[in-house]
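Q: Sharing a structure with you now.
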């Protein structure tokens, strides 16, 4: 019986994934096979994402120069990919040294270049710099940046080369000069390198019994305060963590409201429900990335009478905290520290994200019905291990295949995190 149930659940899961994938089809093209998307070349001096290189939304802050004698030199790894030409004008092999993340993105780009221009290879003119030839705090000093061209040095290709670099996953790409393209990545251990959508473990949720519980202590089956699609407060089943990490330090956005003064702390890619300052209609609220919320907008706060109330955002700042948790409820929403938030992240579409988690909700309800457990045994038996949940990891990977890269937050989860 148990085997049959598992087979049935896997079948339903697979079917739901296929349907969710097809639903991403544009308009009347629903269910049709997508044609390869057209690559739009970057313009001269354009950079993607459209923020400064060493900010949270791009490659993150400078962490210090690496020399051959420093402890961090072991973070660099040589790249001997035969499909990449290294200029290496210093004749020291320095241009081949880079972080593993930079190496992975560069190797991916090399394949794209050969596929796009048969007979042409990727060329690296500058990698790790140990001679001080760049400006202060350049990411070249950490092996996190490369300057690239094509092997034929055809400048008419550089705009498209920039776009290919974006598609390959570099965290910041800059059509810097007529002579080369500049690309960089996040640090391997950077708090910016892995974000996804999370709350700190100390954030509080409200329970149906009137008490409160820290997010990190939630167990499947706990009924927590959330909101339905009409904006009504409800108590919803906590189903799972899409990510559960007790140790990693991450950067969180802190969004603080005016009267009443409340704060919610969440990662950049997490969705928060907002209203424009010009309206009080809760039905017009939309889900926006925490990193895109601005002072003057409104968020939904649970007031003393237990009702949702729109309150103006007073200020926004960032802080580092250790530990991050991403809870999912049956309704796809959750009230954290008295402010209504989504359970989802990375893609700025609450409806699509909630649809994508339909198989997870189905599995929870079916397993709860077939294998009822008391709260203590459920706490011990079903609480997941640390790391990104396999289903969340799968959805993110599918999203990178099916959706345009600009539909995903630049600080989307690391599919290699554990």
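Heads up, the Cβ atoms here are built off N, Cα and C, so glycines get one too.
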Q: Among 90, 137, which residue does Swiss-Prot annotate as binding Ca(2+) 2 together with 126, 129, 131?
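A: Candidate in the recorded Ca(2+) 2 site: 90.
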Q: Need a hand: Swiss-Prot gives 140, 147 for Zn(2+), which of 116, 182 is also on that list?
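A: Matched candidate out of 116, 182, per Swiss-Prot for Zn(2+) with 140, 147: 182.
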Q: When you get a sec, could you say which of 18-24, 25-31, 32-38 is annotated motif 'Cardin-Weintraub' by Swiss-Prot?
A: 32-38
Q: Do you know which of the binding-site residues 89, 90 has the most other C-beta atoms within 10 angstroms of its C-beta?
A: 90
Q: Sort the recorded positions 140, 147, 182, 197, 243 by C-alpha distance from residue 126 (Ca(2+) 1 binding site) and give me just the closest.
A: 147
